[in-house]
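All remarks here apply to the structure that follows.
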There are 2 protein chains.
Amino acid sequence: MANDSKVVPVPVLRRMPAYLSFVKTLQKQGEKYVSSTRIAEYMEIDATQVTKDLSHTGISGKTRVGYEVDNFVEILDDFLGFNKINNAFLVGAGSLGCALLQDKGLRNFGLNIQKAFDVDKSKIGTKINDVEIFHVDQFRGMPGECNVAIGIITVPAECAQNVADLMVAWGIKAIWNFTPARIKVPAHIAVQNTTIYTNLAILFNKLHGQE
Amino acid sequence: MANDSKVVPVPVLRRMPAYLSFVKTLQKQGEKYVSSTRIAEYMEIDATQVTKDLSHTGISGKTRVGYEVDNFVEILDDFLGFNKINNAFLVGAGSLGCALLQDKGLRNFGLNIQKAFDVDKSKIGTKINDVEIFHVDQFRGMPGECNVAIGIITVPAECAQNVADLMVAWGIKAIWNFTPARIKVPAHIAVQNTTIYTNLAILFNKLHGQE
């Protein structure tokens, strides 16, 4: 039975791409069905957790055979939003910003970066992976009709709040913040903080903590 | 008082780069001291949490004035491992792998990618940001003395386990896994999973869940 709540707990969402990845691998191997037990073994978690997580998505299994692989992949891809194109603006075409613009994988997962912005005059007018870089002053003047809901922040941390304010004033509905700064935005704006360097600190701590 | 345990809980490590970023901004503004209350307000958490977190690092504050900014930045940078160079090999020079190779920021945070590996013959021998790409078959033959502790996996998910096995056999001590696959490695190997597309799924869910 599908859960009525639309906002799914983050720990559940963190597991789902791993479920999807595992079942896609089985699909490539020509398998037709997968049980919650098998997914649970792969994930090294309890099978009841798997069925509980999947109840959010509307995927339903059959007694004894489990989940149908093709159906599982289609529903979960859809549920995670990877099948729908979401347009985004990126502000900060420095090293990390350019790296994101280079990553064609993002489009496969539903994110289309339409335009990039920076303050460096030497970059304005150039393109990375077909995305043009504009001056950040032009952000304010961009027409509001262009159906862009997501703003990506890849500026230095001390500029993050200014960029967030600019995005909110423009009409962005969700912000993907790649800086370590904590931004303050109105409650109706969705924020996702992703600091890959934080993951690096966690890895270093695991590595050096055991030496 | 510094905590004796070397492995710091992950939620604590997740907050620390934000502390560091905030205090570095104050440092640039010429401020000399910062209180735990001020850090707590910025983070929107309790001040006792801040002092508890910082007790892991050995940073000590003074009554009434708080933490000394320069000292705070130096100790925390050091504690998070960002001041020390850690060498790494990257396997999978596709879109995401190349994006990581392009990101000069990683070096500032202590990660030096020495060599990259791929199976695509057209890429072998080329360089990205001064890092040469070798055939993955050469990975096994690399001399063990070259002081590389970290392996970065940016291959398609279905190849992740094979690459992890190769890295473990070679002598890698920590794996930074960017694929959504869950890899199985011996207990003494540190693993950090970072799936940026998972963050995208969380952002989409927040965005579309509130529509």
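Even glycines carry a Cβ here, placed using N, Cα and C.
TrEMBL lists A:18-57 with the feature DNA-binding region.
Taking the domain 'CoA-binding' (A:81-182) as a whole, pLDDT averages 92 in the prediction. If you look up TrEMBL, you'll see A:81-182 marked as domain 'CoA-binding'.
Counted within 10 Å of its Cβ, the other Cβ atoms near A:GLY94 (NAD(+) binding site) come to 16, all protein chains included. Summarising the annotation, TrEMBL assigns NAD(+) binding site to A:GLY92, A:ALA93, A:GLY94, A:SER95, A:LEU96, A:GLY97.
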Reduced DSSP assignment, A:SER95 (NAD(+) binding site): helix
Cβ contacts within 10 Å for A:ALA93 (NAD(+) binding site), all chains included, total 25
